[in-house]
Every structure is written in C-alpha cells, then in structure tokens.
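Taken straight from TrEMBL:
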type: ACT_SITE; residues: H170; note: active site
type: ACT_SITE; residues: E273; note: active site
Amino acid sequence: MPSELAKQFNAKTVTFKLQENLTMIEVDNAFATAKITTQGGSVLSYIPKSNNGSGADILWVSETAVYDGKKPVRGGVPVCWPWFGGHPADKTAPAHGFVRAALWQVSQVADLANGATEVTLSFKPSEKTLALWPFEFHLELKIEIGEKLVMSMTTSNLSDKPMEITEALHTYFTVADARDLVIGGLEGSVHLDKLSNAAAETQTDTVVLRPPMDSVYLNHTATAVMEDAGNQRQILVEKSNASSCVVWNPGPETVKGFADIRDEDWPTFACVEAGNVLDNAIQIPAGAKHTFVMKLSSRTV
C-alpha cells in the first residue's frame, strides 16, 4: 500500500498514491515528471521539463484504460516477458508473458546525485508462474527518470538449465498523428510484415507508419527516431543488448476490438518497441544474467 511504501522509502522526489486499485509511484524532479505502477512494472507517464516540443507526455495511456488490477493498463510501457506475443507452445497462456499484469515489488527508491530519480522493481517466480514457465529466475527493472527515461531489465537464470526468452518493452508513444508518422533509424534491419506475412526483406528506407501496421525489424541495434512534427519534437528510442524493434498501430478497424481504446483514438499513439523477439531470442545459461536497456528522450525541432 502507498502509506507503507512511503514509510519504507524516503525519497524527496517520489510520492506514493493509490489510483483505484493500483499503487502509483509519482516522480517529480528537476528533469521530468513520471508515473509508474507496480502492476506490471509499467511506466505510465514521462514528461521531460525541457527540450520536449509542445510539452506533451512522451507516453500514451488510453482514456478508457482500467485500473482495477485485473488486466494491464492500456498504454505506457508494458513489460513483455519471458515471451513476446503468443506462448511458443501453449495457446491458452497469456499473450506477452505473465509479468505485465502481475504485481511487482518495490526494491529501492533513490534520489541520485545527478538530480535524477531511480526506482527499482523486482519480480520472482511463484507456483502460478512455474506452471507456465518451469524456471527459477529473478527479474529486476531499474527505472531512471532524468534527462532520459532509462529502463534496464535484468533476467537472472537461477535454474540449473539454460533459459531462452523473448522480451520487449511495448512502449506506447503520444504522437500528434500516427498517420504517415516517419520513423528513422531502422534502415538495414530485416523487416517482417506480420499482417501480410510477406517474405522477410531488408529495410532500405525510413519507415512510414500507415495503420494498420504490425511490423518486426530484426537485427536492429540503432536508435529509432520518430518525427512527431505536430508536437514540434523528435522522440528517440535508444537500446543496448537488444536486437529487435516492433512498430504497431491497430488502425481504424482493428481498434474496434479493443474495449480499452476508444475507436477514434488510434491516430493519437504509435507503439515503437525495443527488445529481443523471434529470431533474436536470448539464450541465458544456468546461473547467468542478461540485461537489456532502453532509453527514451525527446528533442525540440
């Protein structure tokens, strides 16, 4: 509960609150404001205080998102782990893994010397997760709110056998208009169009988002840059130890199947996701660790 967390963690830039059934960690420092929920370890808001064009939130959350704790909040940065998309063998298992709807523990909250704020969340296995994923593990998510939003996710394989994971930070970005949104930096990657199931091809040009769109870009390590012209800014997605980028928007027809997205809101967001998916799956030997990092920032144009 927020009151218990406030007693346990004394950071001047952090406030703990309850929003319906969800615990929220609100951050306000010299660089930015942010909001994180312990459900799913998801960051729901990040607003830099400078170099951010119109000043709009970098992250998008649906107007009809639910905060009852029964399903993930639609928007923000959902954590997809230990599989991205459908389970590799069990069609009844939850899409995008089991941590995005589960409750994470707050491990540490700290005001850093550079003025940024760091929130560390953790997730450990239970009987329920072991039934879905027969591995002992420890998952840690460090979230630094500063000039950039830095999310570092570390998977520790505590079992006695190798572990294969796919993973992604499924970020929903606020954009003035997703239609014809230009995304640079994906050139040279291997493009898979999940809607047409066309053969893989090398991406030779900048990407233009024309919803509906569901595309995976493999073997990609560069920075993706969104040209959010209507908000007078670029949004940058940097990553390390991650080789995949996913671009998604449901478009005007598919959005009608989402109870927690208003039909008219699909042009207001774009998902540009960092991670390791499909052929970029990660092998973690017994007793080993793997960390992947995503950094989000903006610059006024």
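Quick reminder: no glycine exception, Cβ is built from N, Cα and C everywhere.
Because TrEMBL annotations are produced automatically, they should be read as predictions rather than curated entries.
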Cβ contacts of H170 (active site) (under 8 Å, same chain, 6 or more positions away):
V77, P78, V79, C80, H96, R100, V246, C271, E273
Tell me whether H170 (active site) sits in a helix, a strand or coil according to DSSP.
coil
With every protein chain in view, what's the tally of Cβ atoms within 10 Å of the Cβ of E273 (active site), excluding that atom itself?
27
